[in-house]
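Feature annotations, reproduced from Swiss-Prot:
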- ASP446: active site (ACT_SITE)
- GLU482: active site (ACT_SITE)
- ASP516: active site (ACT_SITE)
- ASN624: active site (ACT_SITE)
- ASP446, ASP516: Mn(2+) 1 binding site (BINDING)
- ASP446, ASN624: Mn(2+) 2 binding site (BINDING)
- 1-100: region 'N-terminal domain' (REGION)
- 101-153: region 'Linker L1' (REGION)
- 154-209: region 'PAZ domain' (REGION)
- 210-292: region 'Linker L2' (REGION)
- 293-424: region 'Mid domain' (REGION)
- 425-639: region 'PIWI domain' (REGION)
Amino acid sequence: MYLNLYKIDIPKKIKRLYFYNPDMEPKLFARNLSRVNNFKFQDSNDLVWIEIPDIDFQITPKNVFQYKVEKEEIIKEEEDKKLFVKTLYKYIKKLFLDNDFYFKKGNNFISNSEVFSLDSNENVNAHLTYKIKIHNISNEYYLSILPKFTFLSKEPALESAIKSGYLYNIKSGKSFPYISGLDGILKIDIGNNQIVEVAYPENYLFNFTTRDAEKYGFSKEVHEIYKNKVFEGFKKIPKTLGFLNKITNLNENYQLKDGYKIFINVIYKFKNGESRYAKDVFKYSFYKNEQPLKAIFFFSSKKQFFEVQKSLKELFHNKHSVFYRAAAELGFSKVEFLRDSKTKSSAFLYNPEEFTVKNTEFINQIEDNVMAIVLLDKYIGNIDPLVRNFPDNLILQPILKEKLEDIKPFIIKSYVYKMGNFIPECKPFILKKMEDKEKNLYIGIDLSHDTYARKTNLCIAAVDNTGDILYIGKHKNLELNEKMNLDILEKEYIKAFEKYIEKFNVSPENVFILRDGRFIEDIEIIKNFISYNDTKYTLVEVNKNTNINSYDDLKEWIIKLDENTYIYYPKTFLNQKGVEVKILENNTDYTIEEIIEQIYLLTRVAHSTPYTNYKLPYPLHIANKVALTDYEWKLYIPY
């Protein structure tokens with residue numbers, strides 16, 4: 001089996017060389033040397049120095065060595081691990097820049113030769129890109145090399161026929177918000193409300209996102225490129241990146257030890273049977289249901305109502321339709337469309353500009369668990385106003401008008417499933433392997449940052465072993481900080497803990513704390529308050545963007561890297577991507593592998609539809625969604 005890991009085979013030490021040029025300012029001397037060597041030189045009041053790997057490193061120009069001083073230092077890796085890794089990254093960057101690659105933030109290297117124009121939009125070029133990361137696995141260093149694609153404008157910004165929100169500087173590797181490009185003057189936002197004119201506009205290309213791809217009609221081709229060409233990117237590594245053989249051997253693949261590839265057999269328990277597949281819920285029925293499915297329709301105008309009337313009748317009033325069959329298969333006792341007692345109509349109007357309803361007297365009397373089927377005239381980029389302004393006693397289920405004409409059966413079935421997800425008395429399934437884990441509390445923590453506004457949002461979400469959401473807490477617009485505010489975290493943790501007690505009438509025996517990213521806080525403080533009442537705990541770091549992957553199909557497999565670090569590959573419709581999990585602390589009676597199994601199962605304790613899986617463990621998925629949006633998350637998270 002292939003993994004994109006290559007052992008770094010160089011001495012584990014760094015050389016520091018010093019230079020003194022009496023005829024030039026150290027800052028200017030360092031800047032010139034950095035430019036010609038594609039490697040950063042540092043300076044002080046009198047000296048210039050460079051930290052390099054202990055290998056054959058060619059510094060140019062040759063006459064620079066007349067300024068070299070005798071002082072030379074060797075720093076071993078065990079003396080300064082951070083310096084060793086940092087220097088390796090700098091050297092790898094130099095190798096790429098020396099070989100006609102662009103650098104992009106995040107150790108992405110964009111090929112200037114492996115590039116082609118898109119068939120669906122000739123103004124866009126697809127550049128083969130390699131993302132690089134250094135890993136320490138069992139005290140050995142490895143390089144992961146992940147092929148991907150970057151979509152840039154074919155022409156420089158001022159000449160490009162299409163535009164996007166961001167510009168990429170091919171020299172600095174940085175991206176900036178695009179402001180304008182009038183009269184041959186390119187303006188960008190460099191942050192802190194500073195808008196500047198660009199001195200060298202020829203160095204700026206538009207960088208296109210997935211949203212841009214939808215806007216300009218090349219999203220389908222992007223998907224095809226990732227589906228068909230990433231494999232080629234892996235195969236090209238030994239030849240295209242041969243210059244990396246200075247630090248590794250690209251012809252030697254990482255060897256996975258016996259027993260380090262793990263498969264978890266996930267079994268869903270439904271009312272009338274068991275299956276490995278969530279979609280079999282339509283075969284075996286909801287684990288718990290027998291509720292009526294109540295709904296009410298909202299239209300933007302009478303004109304819209306008459307335009308979709310035929311489609312709606314076929315879908316929602318035909319007792320033999322997919323909608324009715326799906327409701328019966330999931331165990332709903334009946335389907336009921338609420339009608340105004342005065343007008344006898346189940347059709348209501350809303351204001352499409354403000355998203356407010358027009359018959360508030362009747363609407364306000366409606367009890368909980370009623371679906372609001374809202375017909376939208378067009379795609380809404382920001383759906384927050386709809387969620388914010390609609391009555392809280394309704395469960396929003398919006399549908400695009402244009403989708404009604406040829407809505408596919410599996411989408412209708414997913415729609416009915418989603419409705420059931422939002423009814424507290426319904427339970428689609430339970431996982432067989434999680435059935436006996438009711439004494440565990442699972443908590444996800446996410447920090448999202450707005451560097452432009454210099455604000456941070458903190459979110460915590462807690463679920464039980466069946467995926468029931470016990471608590472969600474969010475703190476918005478905190479001062480920008482990579483570290484969590486531990487006072488806030490402690491208060492939120494106590495609330496989640498109390499919600500567990502409220503449901504089960506007993507304290508949890510084990511608490512799983514899953515952090516999106518690394519714990520850079522003082523974990524002794526965290527351990528102190530989560531061990532309240534002698535609760536056992538585990539602290540888990542989750543990296544949702546691991547660089548380790550393969551051209552082999554690893555979906556539904558777990559890879560063990562070392563005793564505390566694993567990668568699982570969820571089965572999704574999208575391209576194969578792994579999630580790296582590191583057990584930082586284990587104070588429970590579970591083994592590390594048993595903890596990893598539960599973390600993986602948390603990706604399956606709930607489904608937004610029975611045809612898709614979550615990439616992240618459910619409490620972390622919730623925290624991630626809630627932290628990033630103000631209201632939109634309420635459309636997807638049943639809380």
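Placement of Cβ uses the backbone N, Cα and C atoms for every residue, glycine included.
When the active-site residues ASP446, GLU482, ASP516 are compared by the number of other C-beta atoms lying within 10 angstroms of their own C-beta, GLU482 comes out lowest. Residue pair ASN624 (active site) / ASP516 (active site) shows a Cα separation of 8 Å. Ranked by the number of CB pairs under 8 Å to the region 'N-terminal domain' (1-100), the listed stretches 154-209, 210-292, 293-424, 425-639 are led by 210-292. The two recorded residues, GLU482 (active site) and ASP516 (active site), have Cα atoms 12 Å apart.
ASN624 (active site) has a Cβ environment of 23 other Cβ atoms inside 10 Å.
Here the C-alpha separation of ASP446 (active site) and ASP516 (active site) works out to 5 Å. DSSP assigns GLU482 (active site) to coil in the three-state reduction, outside any helix or strand. In the three-state DSSP reading, ASP446 (active site) counts as strand. Here the region 'Linker L2' (210-292) is broken down by DSSP into helix, strand and coil counts: 39 helix, 10 strand, 34 coil.
Each residue in the region 'PAZ domain' (154-209) gets a DSSP state, and the totals come to 6 helix, 24 strand, 26 coil.
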